[in-house]
Structures are given as structure tokens and as C-alpha cells.
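Taking it in order: structure first as C-alpha cells, then the write-up.
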Amino acid sequence: MMRTEYCGAVTEALLEQTITITGWIHRRRDHGGVIFLDMRDRAGILQVVVDPDTPEAFVTADAARSEYVLKITGRVRKRYEGTENANMTSGNVELLAKEIVVLAKSETPPFPLNDENISVSEDLRLKYRYLDMRRPEMQERMVFRAKATSTIRRYLDDQGFLDVETPILTRATPEGARDYLVPSRTRPGNFFALPQSPQLFKQLLMVAGFDRYYQIAKCFRDEDLRADRQPEFTQVDIETSFLSEEDIMDINEGLIQNLFKTMLDVDLGKFPRMTYAEAMRDYASDKPDLRIPLKLIDVADLMQSVDFKVFAGPANDPKGRVAALRVPNGGSLTRKQIDEYTKYVGIYGARGLAYIKVNDASNINNGVDKESGLQSPIIKNMSDEVLVSLIERTGAQDGDIIFFGADKAKIVNDAMGALRVKIGLDMNMETCEWAPLWVVDFPMFEETDDGKWTSMHHPFTMPKGSVEELKNSPETALSIAYDMVLNGTEIGGGSLRINTVEMQRAVFDALGISEEEANEKFSFLLDALKFGAPPHGGLAFGLDRLIMLMVGASSIRDVIAFPKTKTADCPLTQAPAEVDSRQLRELGIRVREKAQAENKE
């Protein structure tokens, strides 16, 4: 073998032994005629000392530069007292070089690889991703991800799950996002679709009798990208038969508990449960961040008769919401800070951010002039009775501030839910480091802007109740679905699945999917349900997102080896790119040229 030890694995256990390492020069320093090389590999960094007593090695080291690839043989010795580095596994030892071989030279990298606070553009990092991943921070994240994936596999293997691969080339299905399409050469004019998830295939595996399935699956969605989205992403996909909703949740809760204990030595404890209705009422989000103790409080009933249309309008609108957010000690917020929060909620469609500062609540309760106890431009539009009720309901104390959201319920939820978290983080209100929970009892459907129904999760989710109940009241139907949330991020979602043709057709009907369309797109599933489909359900975790949270990265791009940009481009390979016209002809495809007007634009 070319080496006997990894750089980062050399410890005092190897003192006075002769070893061989290989790796890259992370840093090179000259001190008093002695050359110090910090040698790096994926296990870490080892300090190498090269002195003039070994002339050949010294000459080689003197000519070497950062990122040269070297093979070094030498003797492990203890560092001199006072030169130890407690931040490194190898920090108590160093290697006294006897022989150095240059395995590869390197040009000067386009950005420094030994700077922890790298300040280059993400596009440049992605263009030279193979260099970016040499940085210790990226190396640690990739190693962490690999070990986490192995931990997940071991847990599921021990639980009796089978790792089964499902097709990448499949057909388009309506799952809520655009498909990536792949033209067929053998059937011109027809297209495969890359899977948005293995959903239907894992259900068919249940019909086939493989009652415990899992897969670390690549999935593809052609959608607008954000910090936590990629066009291709990795999913821990799980499906089971003959288990209840509680059984499935317990297995997957155990998976995450085991993962955090193994990788971070963190005991997450039992996950609390919260219904969708409770989450939206108290936190204005179906993925609440429970580290933040702030809650929203509905006050629409108090605002129905106030002389303030901004509040009275939504308060009397069945689709409106008026919610208050009490921030303890928020009275210290400056006008500038409040203006910044007003701009922030505007991102989510809010047209403003009303507030009341509570200076002396007793003045209101005692009937003293309200303006001496409260500070806000809106209190002149409210009676003392309303203000007293408002203070009582929110539990506001002297020195607090109360923010208000009043609009269509969706706008209020989006804006105030985001504001709740932002204020909590800005004011360091987190009560713990990790806050997992289950959100359950989701609505089966949600209404679109044009008044139609769409699936809250996907059209194969089992509803609570009978077929007749679903047909009679689709608007109130709840699903047997469950999402796992961690620190305000949905890391996994699942449900029990429909296992009868009658219920599946009833759901298709509610979604406006005709029998003809259902037969065209899902005949294979409908046929399978006729042949004894067992009760089944499952869950899928977004692996990229989960790892991002665990390592404290700001984007999933930082935990994926070769990610795409926010515009779904790959700066490294320059993908997507034009292809040879011959290939297009073989596929029966002609690329339409842009109109002249478009070109001029």
C-alpha cells in the first residue's frame, strides 16, 4: 500500500514508529531553517517537520507548494511542550520526515483552501467543487453524511426492512411539481419522467408482499429553488404493511432518535404530537419551530366592531384572520427595528404591521387614559373595553409589545408565522437546541385559487372516515397523515395509503380526475389494488435537509457533493447544455428557435 496511516489518525499510540502518509499540503511554513508542512487528507491534518539533516527531503519540501500531493515517510514524535494543538486529533504529535516523494504538483488554486472563513462566491466554489471539497469543513460534512447514511441503513436493516431499488425512468404523475422529462428513442414522441418520489412503486412493493421496504432514493423535481431545495435530491424512502399509523411513527421516531444519539450524542426524547389545526392556530405554520415559545392568539372576535377597517374587515371575513403576537420585553424595540419587521412581513404579502406597546397595563384596567398606558397609532380606534380584553387575552405585561396580523388567513399565517420565528431568533428566545415534533390530522384537501381541490399531501393518502363521508364532505375530510418537524423544518412526511379501488376512485373524483384520466395515468395502480392490497403506509425523509440541520449548514448545497445552483445549473460541468443535432434527430426532437422579438429582448 502507498500509505500506512491517514494524516488525521496519527496519535500518541504511534510514537516512535516509522509510518508513511499521503495527502495534500494544507499549509507550508519556514521557521529558522526548518520547514513545517501541514499535510491534509480526509481524516484530518498532521504536522510534518522537515529539517536540513535530511537534505533530499528538505530540497523536495523547499520546492513544494500548497496543494502539492506528497508521500512522506518518517518517525512519529511528541510535539514540544507548548506547541500542541488541542483542536486536532493529531495535535500532540508530529512527523519528522525522512523521505518525501512528490506524487503530483498543483497550480495555485483559484481560492484559498486553508481559510476557514472563505469569502468567495458560491458559483466559483461550485465551478471548482473538487477543490472546494478539499476544505476541512466540506470534508467533515461529507464524512458526516456518509456515516449518517450508514447509521440509517443499519437501523432499518435491524428493523427487518429490505433495501429495494425502484426505477428512475418512469412515467409522469401529478405529484405537485413539474417532472423532468426524458424522450424515448425507441418510441418517438413519448417520454419517460424522472421520479419525484418512488411513491407508486413502493406501494406496489407492498402489494407484492415485501412488507418492510426502504431505499436511499434519488428524486427529481423541476421547481423553483430555495435554500432547502434542489432539482435532484436524496430521500430516505420507507414503506410498511400491516402496521398502524402509531407503529409507523414509532419506527421512524426511533430512527431519528438513534441517528442523533449515534452522530451527535443528543437525546431527543419523546416527540410531542400536535394537530394541524393546533399548529396553524398557535404558530401559523404546519411546521412550527417549538424552540421559540411565542404563540399567536386569535382576536378576530374582539375586532369585529372596531372603527378600524384594517382589522374589522378580516375579522368579519370567513376567510380572514386577525391574530396577535405578544413579545415579552418587546417594548424595547426601536422604531427602526419595527420598520424592519414591517418590511419583513411584506415579503409574505402583509400590507403593514400594526403594534401596541404596553407601558403600564394598570392604567387601562383602572380606567385611566389609555394613551398613558399604551403606545400605538391604532389605539384611538379601539374602545377601552376592547383594549382591556386584548391585554387580558394576550397576557401582556408592562414592557411587552403586541404585533397584529389582519388579512386573508393565508397571508396572516405566512407573515405572522415567519415573524414569530424571526423575532424569537433575533431576541435569542430559543428554549432548547433541538425541538422535534409530529404534526398530524392534516386536511385531506386544500382549495386552490380557482376553487378546485388539490391534495394536501398526495392523492394516494388514506382519508379518515368512509367513502361516503369523503364524497359528502370533502372540505372537512382529514387524512391519516403525519409530518416530522425539527426546528421549524419539515424533515419527513408520510401517511397511510389507500388500499381499495373504491376509496382511490373517490379521492380521484374529489380532485376532479376523471375515470378516463385515472385509467390512463394510474391503471397499473388501480389494477394492483384489485388483487389484495394490504393496509400499508410509510414515510420519506429528505436526507439533504436533515444533514443540513445536523451539521448547522445554511443550505443543502453545502452537504451535497455536486449540487446545482439556485437556477438549477451546474457550473462545474456547464449543465444543462445544448446537445448534438444528430442526437436530437434520433429522438425525433427539433428545438424551436426563439422568435425574433424574444431574441431582441
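Yeah, the Cβs are placed from backbone N, Cα and C, and that goes for glycine too.
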Of GLU165, GLU475, GLU490, residue recorded by Swiss-Prot at the ATP site of ARG221, ASP222, GLU223, GLN230, GLY542, LEU543, ASP544, ARG545: GLU490
Stretch carrying region 'Aspartate' according to Swiss-Prot (options 199-202, 311-314, 467-470): 199-202
ARG221 (L-aspartate binding site): tally of other CB atoms within 10 A of its CB: 21
GLU490 (ATP binding site) and ARG497 (L-aspartate binding site), Cα-Cα, nearest whole angstrom: 20
Residue among recorded positions HIS31, HIS457, ARG497 with least C-beta crowding, 10 angstrom cut-off: HIS31
Distance from HIS457 (L-aspartate binding site) back to GLU223 (ATP binding site), taken between C-alpha atoms, in Å: 17
Least buried by Cβ count (within 10 Å) of the recorded positions GLY82, GLU223, GLU490, ARG545: GLY82
Per DSSP, three-state class assigned to HIS31 (site 'Important for tRNA non-discrimination'): strand
Largest CA-to-CA spread of ATP binders ARG221, ASP222, GLU223, GLN230, GLU490, GLY542, LEU543, ASP544, ARG545, angstrom: 20
